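To keep things clear, I will list the structure first and then write my remarks on it.
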Amino acid sequence: MESRVLLRATATVAGVPQLRRPIGAIYRQFSTASSSSSSFKPIGAIGEGGNLISGRQLRPILLLDSSSAINGGEKREILKPVKAAAAEGGDTAGQTKVGFLEKYPWLVTGFFFFMWYFLNVIFNILNKKIYNYFPYPYFVSVIHLFVGTVYCLASWSVGLPKRAPIDSNLLKVLIPVAVCHALGHVTSNVSFAAVAVSFTHTIKALEPFFNAAASQFILGQSIPITLWLSLAPVVLGVSMASLTELSFNWLGFISAMISNVSFTYRSIFSKKAMTDMDSTNVYAYISIIALFVCIPPAIIVEGPQLLKHGFSDAIAKVGMTKFVSDLFWVGMFYHLYNQLATNTLERVAPLTHAVGNVLKRVFVIGFSIIIFGNKISTQTGIGTGIAIAGVAMYSIIKAKIEEDKRKGKTA
């Protein structure tokens, strides 16, 4: 009886009567027909053992039936056994390769931090060396921004990154940010040229104090008492360092303080200028606008002196090649360290951001003292240490407050 059923099934599939064939031959033809014919339907149900031949279970694959003559033209979906599908999924997952950088993202973040610190230190050292033989901070500030602008235009020309479009409304939003950036940049360079690099960075440690004051009294934000208390060591430390700083002069001190105020207002305008543009394009547009802002003061303040003896004196001291090379590289280091700082801080949490900023200042102060051999008094060293510790405390407390606010919004 079983043989007759199988014979009829085989004859239906192949279209040729097969009446007296051995079971093995029938099985081979049955297998061949089932793989070549799209209109074949297995005998019986899978769960009922309908695909048994010679006591063996056939692989239960249901093909998409394209024939309209079967099941009244109703098409059947391809079904795969659960175990087979799971095995195939496992093979696919096993074949997915995870890149080295994706597997160890902390290495990428660490590299960004290293390059940010390294370029920042190199910039400060080279910048100060230029001022030792070419004391024209307004012109050097223009060079910083000019080289960065050329770099941005070259990057846009090759699509790395792709230039984001800008309109008049966005331009109006970015102009105040760029003006504050230009003023803060120029006054920082005036301070760098007038006093030791370490002292300028010590004064600039007061920037969190100005940020807190602006947030409280200009933006109307409530600043917790813990943040104000953490700023007390900063003010005390900077005061101690200033009283005994051997390179102290009022031009350097006041310029650094103006820089703090300028960068504070830059932060305020930046919060009002939130756009969908990526940070790389935003910084590029700010640099271009800031360049046009810095050119007129440089011409008015230093133009006559530069034409009279500024350029000639610098070339006589170090030569044309070194002079041009130093200006080019200091501009490149300035732009790259600022761009890397932005990219680095986008990859980390606010607390890591805060600690990273403090450590950067420590690195710059330490290396500048070593490279230039600046002599500092004991009181200056202690005051600088207290100020940096205060900045660290302030940054950590503020980062935790921001993180709590963020979690409260997402909850």
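Here the Cβ of each residue, glycine as well, is placed from N, Cα and C on the backbone.
Whatever TrEMBL says is automated annotation, not expert-curated.
These come from TrEMBL:
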type     : residues : note
TRANSMEM : 104-126  : transmembrane segment
DOMAIN   : 108-395  : domain 'Sugar phosphate transporter'
TRANSMEM : 138-158  : transmembrane segment
TRANSMEM : 173-197  : transmembrane segment
TRANSMEM : 209-230  : transmembrane segment
TRANSMEM : 250-269  : transmembrane segment
TRANSMEM : 281-300  : transmembrane segment
TRANSMEM : 320-337  : transmembrane segment
TRANSMEM : 358-374  : transmembrane segment
TRANSMEM : 380-397  : transmembrane segment
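For the transmembrane segment (104-126), the list of distant contacts is 192, 197, 326, 329-330, 333-334, 336-337, 340-341, 343-344, 347-348, 356, 359-360, 363-364, 367-368, 371-372: same-chain residues at least six beyond its ends, Cβ to Cβ under 8 Å.
By the Cβ criterion (under 8 Å, sequence separation of 6 or more), the transmembrane segment (173-197) is not in contact with the transmembrane segment (380-397), since fewer than 3 such pairs are found. Highlighted: of the candidate stretches 138-158, 250-269, 320-337, 358-374, 358-374 has the greatest count of Cβ pairs under 8 Å to the transmembrane segment (380-397).
Taking the domain 'Sugar phosphate transporter' (108-395) as a whole, pLDDT averages 88 in the prediction. In summary, the transmembrane segment (138-158) does not lie against the transmembrane segment (358-374): fewer than three C-beta pairs, each 6 or more positions apart in sequence, are under 8 Å.
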